[in-house]
Amino acid sequence: MPGYARFLLVLLCLILLGECRRHKSRRKRWSAPAETHKPGNPLSKKASDGTKSRKVKTSHLLRIDEHDFTMRPAFAGPAVPVGVDVQVESLDSISEVDMDFTMTLYLRHYWKDERLAFPSSTNKSMTFDGRLVKKIWVPDVFFVHSKRSFIHDTTTENIMLRVFPDGHVLYSLRVTVTAACNMDFSRFPLDSQTCTLELESYAYTDEDLMLYWKNGDESLSTDDRISLSQFLIQKFHTSSRLAFYSSTGWYNRLYINFTLRRHIFFFLLQTYFPATLMVMLSWVSFWIDRRAVPARVSLGITTVLTMSTIITGVNASMPRVSYIKAVDIYLWVSFVFVFLSVLEYAAVNYLTTVRDGKDRKLREKARQQSQTLSCSCGMSHARTMMMDGTYSEADANSLAGYTRGSIAADDSSEKQERMVVHLSLDKEPTGTKKKGIRGFRIIQNTHAIDTSSRMIFPGAYILFNLVYWCVYC
């Protein structure tokens, strides 16, 4: 029994010894030094690169903790040149009511900061995201006259920082900005607008920071697919000048200028064609009988109200400017033409009423004379009215019922009736008769106003359109 226990103890010791040796060999395999290459091996010629080492932190490689990055590069020295280039991604909207525009762009800055130089023989640059931007100095460029702006942050902040071994830095960010644009609507909608996006350093004057376009006019690039619904983008160009503030001094300011020309076809369909059709519709009343009062009045009122609606709709989508726009001239002249057609019928109706009153008085006077003469001559009222020449159309129609035989039966006494009537009328003074003929010549021909309007109104409106489109186009 003791021999059996001794055998088990020896076996347990051997098992433990084997496990210990296996564990030691595994530790040697994982902690063994890197394999040394022979001199003939090409891998031995590759020089070490600090930027590729995992053990070197960015703050140590760029020596961020050794410098004060709250101060600009070359502090107390010459101005730091900061080159700028812009790539316009999209022109999102143009608002006439708010007089602004919204643009999305890539804004890139180029400068040199020797404090960020690092040793590297193979890697040309290092690229970082927005987290490093908060630890180093970057230009404080802002958009002048901007209303709203933001840096895109989906899925992370759209900021890129690229540092080169010699200290050159590229700082790029994607921004959407809404800026004011002073628009002139005196030729609207036949206008062209020029808007400007301005960039400037907020804190550093031209003695500390010099902003400039990195490649001149080629510093601004645009996407060929940029388009707007109401405008045609004619051109983009850059410029720069100094801006002065009385409290702080002179600053370098960069300008992105772009010119927009408005598409006219939308306004032709929505404004000009409806207004022209309303004016032409108002001319229809000149061919309607002047005694059809409901038809002509309703047509005139309808066209006037429609023109008022068109004018209100156009002004609702425009800013309240204190000067006259080109579309206002066209719409208000069209409104005046429609309104004048209503006034024309008012004049025709008034003159027709006056003429009917005069005819009524003449008929009453002729009736009295016929009653006086009928006692001595036996002359009928209808015959007196026909020879006197003052009967109206209704009286003439009333005579249409006489037969040819009845008129022939009275031919025997025609000479006697005619002589009596002339004797009765010749008693009136000659001057009074001539004056009455001259005074009521227009009244007796009231329909001539409608006849003249059929030519005058279209001719005047065509002339206005020729002058208008020649001036504004």
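Placement of Cβ uses the backbone N, Cα and C atoms for every residue, glycine included.
From a predicted model like this one, the values you see are computed outputs, not experimental measurements.
Feature annotation from TrEMBL assigns signal peptide to 1-20.
Positions annotated as region 'Disordered' by TrEMBL: 27-57.
Confidence annotation: the domain 'Neurotransmitter-gated ion-channel ligand-binding' (64-263) carries a mean pLDDT of 92 in the model. What TrEMBL records for 64-263 is domain 'Neurotransmitter-gated ion-channel ligand-binding'.
The list of residues near the transmembrane segment (264-285) in space but at least 6 beyond its ends in sequence, with Cβ under 8 angstroms from a Cβ of it, reads 189-190, 230, 295-296, 299-300, 303, 306-307, 310, 314, 327, 330-331, 334, 337-338, 341-342, 344-345, 453-454, 457-458, 461, 465. Annotation comment: TrEMBL describes 264-285 (among others) as transmembrane segment.
The annotation domain 'Neurotransmitter-gated ion-channel transmembrane' is assigned in TrEMBL to 271-398.
According to TrEMBL, the transmembrane segment annotation covers 297-317 (among others).
According to TrEMBL, the feature transmembrane segment maps to 329-351 (among others). With a cut-off of 8 Å between Cβ atoms, the residues of this chain six or more beyond the transmembrane segment (329-351) that come close are 271-272, 275-276, 278-279, 282-283, 285-286, 290, 293, 296-297, 300-301, 303-304, 307-308, 310-311, 314, 442-443, 446-447, 449-450, 453, 457, 460-461, 464, 468.
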Please spell out the DSSP helix, strand and coil residue counts for the domain 'Neurotransmitter-gated ion-channel transmembrane' (271-398).
-> 107 helix, 0 strand, 21 coil
